[in-house]
Amino acid sequence: MDKSGIDSLDHVTSDAVELANRSDNSSDSSLFKTQCIPYSPKGEKRNPIRKFVRTPESVHASDSSSDSSFEPIPLTIKAIFERFKNRKKRYKKKKKRRYQPTGRPRGRPEGRRNPIYSLIDKKKQFRSRGSGFPFLESENEKNAPWRKILTFEQAVARGFFNYIEKLKYEHHLKESLKQMNVGEDLENEDFDSRRYKFLDDDGSISPIEESTAEDEDATHLEDNECDIKLAGDSFIVSSEFPVRLSVYLEEEDITEEAALSKKRATKAKNTGQRGLKM
């Protein structure tokens, strides 16, 4: 708001105060005289648009006054957009960056790898089918399908791991036999035969020691050259069936024969009916 507007407001307020004082002094003499309400500039709501709008009175006052060097800029759409852009630029400057720039270049450096040669290498790797198998050449199959190659490779890997397992087992067995002072047996026997042989096959299998009485009986038997012993027939099961079981078996045979005869009769009836229909 310019200086002329402020002077006019001060003049209006001073006039209102003088009228109020006069009305207070003359209220005792005249009761019918009306009083003037003082003007209160604070109570009114100021319109913000009036700051930028220039009235003809204010223009005349600004021309007449020598102190009023500042003139308000009219509100336009262009000014609003420029103000918004300036605010946006200030906000960007104040905004902190999450990652501080290091100054290093991004991406793959140029001249390190030729994309044409990389594509050629990829095609060669895709077309190459690994090492060839000699038994396929006998079958006149130079380029085997991918499924066959996969099965052959799996079989080779399986055989390799089985052989490693066998060597590991042989190594552990040799160490255990050396600790038991039985290392001489490995020179005379094959490993595959020793693999399925127990270490205590030569000795007694049962840990219970036999009594001396049984040894004496064995010596007497050797002298007499008779190793046959008589035993009771209590453990022998008789092969004769009881009476009840035989009856049940006969009844089952009869029922099976009756069922077979019924089936034959029904089949004969069905065939006769079909012949009549035809």
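Keep in mind that glycine also has a Cβ here, set from the backbone N, Cα and C atoms.
Note that the structure is a prediction, hence the values are computed from the model and not measured.
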Filtering Ser234, Ser238 by Swiss-Prot annotation phosphoserine leaves Ser234
Report which of Ser8, Ser23, Ser66 appears in Swiss-Prot with the annotation phosphoserine.
Ser23
Swiss-Prot tags one of Ser64, Ser138, Ser193, Ser204 as phosphoserine; which one?
Ser138
